[in-house]
Amino acid sequence: MAGSGCAWGAEPPRFLEAFGRLWQVQSRLGSGSSASVYRVRCCGNPGSPPGALKQFLPPGTTGAAASAAEYGFRKERAALEQLQGHRNIVTLYGVFTIHFSPNVPSRCLLLELLDVSVSELLLYSSHQGCSMWMIQHCARDVLEALAFLHHEGYVHADLKPRNILWSAENECFKLIDFGLSFKEGNQDVKYIQTDGYRAPEAELQNCLAQAGLQSDTECTSAVDLWSLGIILLEMFSGMKLKHTVRSQEWKANSSAIIDHIFASKAVVNAAIPAYHLRDLIKSMLHDDPSRRIPAEMALCSPFFSIPFAPHIEDLVMLPTPVLRLLNVLDDDYLENEEEYEDVVEDVKEECQKYGPVVSLLVPKENPGRGQVFVEYANAGDSKAAQKLLTGRMFDGKFVVATFYPLSAYKRGYLYQTLL
């Protein structure tokens, strides 16, 4: 899908036209050496979700950087157009070109806007590590994405925490940034992966390329499994492992280091059944890429059969269209039908200030007794409500607002979260 061109100055304007619509540029989300990403919203359609505008070749980029930006755009566009339709891969809405001058085109991708990244989740975990529910959710979603793109012949080649983002609308993690991706058997990128998440064979290939030498073999989809193994180990341990995986100790016996990390965590919380995760991670981190477990096979790990429950921190950090309000109703309201109906109506009226409420549930019995579940039409309204309702006073009590998985809510599964 191609859009019409338009002219920009040194900074993007507040509004731009693409695909026959007017878009408002609201804020910059991030920038790198060859691209910047902005939050945009379609004007005249307040119900439409915001998007992410990825602009390659920012103003002032010339020479090798300009060539790299153009190359990255072509790589990412080709991969995303081929891989569209999978729930764990970022959605591409369209492609268009803007012009700073007649000879300086700037390519743009319009993508779905996603939420928190795994990198941010690791920061929030404060070196304690993520919950097993979070790790399982992330591992399954990323493996589903990898199984699909590997089946299509693609290698992502830059899997890292910053490139795994949560989708509030789809309630899953998604892969982004396919600028280094390549077709297996046709590796046209010399330097792949990010330091700390780079597979041994990619490390060797990069070193040879820097020395002007050609590698005998190309990297395969196994490099993505290595990266995921490191990511999962970081999520479990709460530690960045860049220096660990480059150490001589790791190269001598990585299995023993993984065992030590899991043993140390078990001392803190002996109730965590973590050995299946340990074995899964080990199967991804073989130095020999031919021994690494493929993504499709990894999805059959016993780790994914364990029914973990989320911690309350998980439900605060991962937005969904469903809001859960705690500390609102006490037993007196639940046991008096008239008072119960009055307070439920009051809560619904307050929640509707932030967007259309699809449904509202206040269970009188466990599980979920006294909790308020509010389903909004979209996650944007739910996020606004969560931000503004948390800490509010209701009937003399401070309200605690978390999100809640829409899939579980629809099934009537009101599990007890862990503190």
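Here, residue 1 is simply the first one shown, and the rest follow in order.
Glycine is no exception: its Cβ is also placed from the backbone N, Cα and C atoms.
Straight from Swiss-Prot, the features:
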DOMAIN    23-304  domain 'Protein kinase'
BINDING   L29, G30, S31, G32, S33, S34, A35, S36, V37, K54  ATP binding site
ACT_SITE  D158  active site, proton acceptor
DOMAIN    324-406  domain 'RRM'
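Structural mapping of features recorded in Swiss-Prot.
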residue : record                       : Cβ contacts under 8 Å, 6 or more apart
L29     : ATP binding site             : V37, Y38, R39, A52
S33     : ATP binding site             : A65, A68
D158    : active site, proton acceptor : D177, G179, L180, S181, I192, Q193, T194
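According to DSSP, the domain 'RRM' (324-406) comprises 35 helix, 22 strand, 26 coil. For the binding-site residues listed here (A35, V37), the lowest count of other CB atoms within 10 A around the CB belongs to V37. When every Cα pair among L29, G30, S31, G32, S33, S34, A35, S36, V37, K54 is compared, the largest distance found for this ATP site is 14 Å. Every protein chain considered, the tally of other Cβ atoms within 10 Å of the Cβ of S31 (ATP binding site) stands at 12. Taken residue by residue with DSSP, A35 (ATP binding site) is part of a strand.
Secondary structure from DSSP puts L29 (ATP binding site) in a beta strand.
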